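Inspection log for the structure reproduced underneath, given as structure tokens.
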Amino acid sequence: RESDHRAWTPVSYTVTRQNATVQGLTEGKAYFFRIAAENIIGMGPFTETTKEIVIRDPITVPDRPEDLEVKAVTKNSVTLTWNPPKYNGGSDITMYVLESRLIGKEKFHKVTKEKMLDRKYTVEGLKEGDTYEYRVSACNIVGQGKPSFCTKPITCKDEIAPPTLDLDFRDKLIVRVGEAFSLTGRYSGKPAPKVTWLKDDIVVKEDDRTKIKTTPTTLCLGILKSVREDSGKYCVTVENSTGSRKGFCQVNVVDRPSPPVGPVIFDEVHKDHMVVSWKPPLDDGGSEITNYIIEKKDAHRDLWMPVTSATVKTTCKIPKLLEGREYQIRIYAENLYGISDPLISDEMKAKDRFRVPDAPEQPIIKDVTKDSAVVVWNKPYDGGKPITNYIVEKKETMATRWVRVTKDPIFPSTQFKVPDLLEGCQYEFRVSAENEIGVGDPSPPSKPIFARDPIAKPSPPVNPEAVDKTKNSVDLSWQPPRHDGNGKIIGYLVEYQKVGDEEWKKANLTADSCPETKYKVTGLTEGLTYKFRVKAVNAAGESEPAYVPDPVEVKDRLEPPELILDANMAREQHVKAGDTLRLSAVIKGVPFPKVSWKKEDHEVSPKADIEVTGVGSKLEIRNTVHEDGGIYSLTVENPAGSKTVSVKVVVLDKPGPPRNLQISEVRSDSCYLTWMEPEDDGGSVITNYVVERKDVASAQWVAISSSSKKRSHMAKYLMEGTQYLFRVAAENQFGRGPYVETLKPIKAIDPLHPPGPPKNLHHVDVDKTEVSLVWNRPDRDGGAEITGYLVEYQEDGADEWTKFQTVPMLDCVVTGL
């Protein structure tokens, strides 16, 4: 029972040993326990614990402290920290005991004072150079626990750490004039570093506006009410005996710019506008000048008028002036941070002084070559200021943009050789004059010219001759002229003259209709004699004529036909089935012969494509089949004779089907097949036969031989009683031909013979009209089960036997006698 309750709670009724474990108790509560013995008669008296028992885990000494670390070392002290043990033994920690051992000695000595509960301790009064190791133990009410793991050996000496620097500012800082700024950061190092601030490599000193604050860990430079002169490169240096670190910041204190630098210069003055210029401000305020603001004022009025605020150049055109009035100009510079004070000009009257030169007259082009031309012009009025330069421009006639021909100045010469033209292109040119006021208007464009070398007429063609003739035409041929006059030969003009006439007639009207060095003159009269001549033509004109040496009589020239066979007209041509058969030959003869193709003295197949040209003939059959083979002949014929050539064509194909497939010697497990070779072997030797069989009940053919060269085969391994079909095909190097198949199935059974005669026939009973007969089985059944016995009778003396009946058994009663 709990100590503060009166009711007892049973723990167990079945304990037979002298001990028991009581479970389900609450930690921290106090309990009483009692025990009684029991036998079959009944339960004896209880025995009770004398004092209450508080439920808690058994208390032990604490575990060892954890994470003993050295935090700082000097020449005479060591600072250590640690974490509490994972388990305090069931009782609160009452104190920690820190021990040290001098390296070389055996024993640890206690270094902490009594009752130390802090987990940080500095051991002082050590000797510089000595080496110690440390351990720490925890104590509770039970006692002192295990010590922690020892530290590494620690030698007493001052720690050294190079400086570190952590800055709060970036490489660049922009500050408006009058604002404050500060540069801050943190640093460390042992021994404590020295902090130095520099601006543009000069030490920064404190004054009314400049403040420097340095703590053992932080640094700060602050400047109040900044001015433009505070701009510069600031550097902070952190340095001790082990080294130094530096940090940089480019500070730009920005302001509006100072005024533009005068005086305002009037570069041009005209009756309606002026061009002024000035110099940039001496101080741009630390930020790039974004633009200038220009205003104008009539000298006799107080109102300033805006001209522009968008210019970034230090020059500006002042437009819309009234002739004869005096004007003042003022100019402001502007940057991102404001607008400067103005620069104001002197007064200036608006009136014309000088102007740009006039436009030159239309230039003349001379000395044109394929890549250059000389442009010539006259000097125009100079506008009151001397001409300093001429600008020559070119453009292709079809283009729209004019291009300067050189960036170099052209002066004082009034002509210029333009280089780098593209041969064959058409160009125009124009010229502008320039003085110090500016560039005048361009001249009118020159007349267009083509960029090509100057050309002369060509020399005459060389060696014209008549190379062929018919009853109404003559074929002429010649060589090109020796000189083309630096111009491309456009073509040739051919002329002819009937002998006895004075007039030459043109065979072709234009030279470009005869670009080659040959021409067929047609429309001549048979039997007449003609003279011929040829002229070469280029862009400059016609050459002198070249004459064919002798007059030519117009009549047919006779030459017997001639055949020049191509390689595919050799004596025998082999073509694979499905490929294309090509037969061709070159044909000569005057007049051109008539061409005819034959196969075996008959017309060739309609599927053959026959082509006849002026120089030959070609026969072509696509997707050839075996029937396309045979002897092909080509015949050419003209009045001077004829000629025929033949070629044997073999179309190589798969063979045809074997012939006369026969089956004999049928047995229950085999049969014998014979056949004859195909009528057509496909033009190639038959290499083997393929034999297949098929059960009539199956859809699948099964190969039983695929390499036999013989024309017979014993088909084995048949299933008795099964009906089979057989088929055979021939193969050559081009493939397998069609199968020949048995017309009707055969059944795999042994051959049948008539059975032998029954044995021991005799009668066993006789009546007046019937006889009872019996007999025995014959010796042989002929290969099949006996199905019955035929009984016949014959009247004594008669010739014929009379059939009585067929019986299944070995006895019979013959009646009706």
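Note: Cβ is positioned from N, Cα and C throughout, glycine not excepted.
TrEMBL: automatically predicted annotations, no manual curation.
Annotation comment: TrEMBL describes 1-58 (among others) as domain 'Fibronectin type-III'.
TrEMBL lists 64-159 (among others) with the feature domain 'Fibronectin type-III'.
Taking DSSP states H, G and I as helix and E and B as strand, the domain 'Ig-like' (163-252) has 3 helix, 58 strand, 29 coil. The domain 'Ig-like' annotation in TrEMBL covers 163-252 (among others).
Each residue in the domain 'Fibronectin type-III' (259-353) has a pLDDT score, and their mean in this model is 92. The domain 'Fibronectin type-III' feature in TrEMBL is assigned to 259-353 (among others).
The domain 'Fibronectin type-III' annotation in TrEMBL covers 359-454 (among others).
Positions annotated as domain 'Fibronectin type-III' by TrEMBL: 460-557 (among others).
Positions annotated as domain 'Ig-like' by TrEMBL: 561-646 (among others).
The annotation domain 'Fibronectin type-III' is assigned in TrEMBL to 657-751 (among others).
What TrEMBL lists as domain 'Fibronectin type-III' is 757-817 (among others).
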Helix-strand-coil residue split for the domain 'Fibronectin type-III' (657-751), DSSP-based:
0 helix, 47 strand, 48 coil
What stretch, picked from 163-252, 359-454, 757-817, has the most CB pairs under 8 A with the domain 'Fibronectin type-III' (460-557)?
359-454
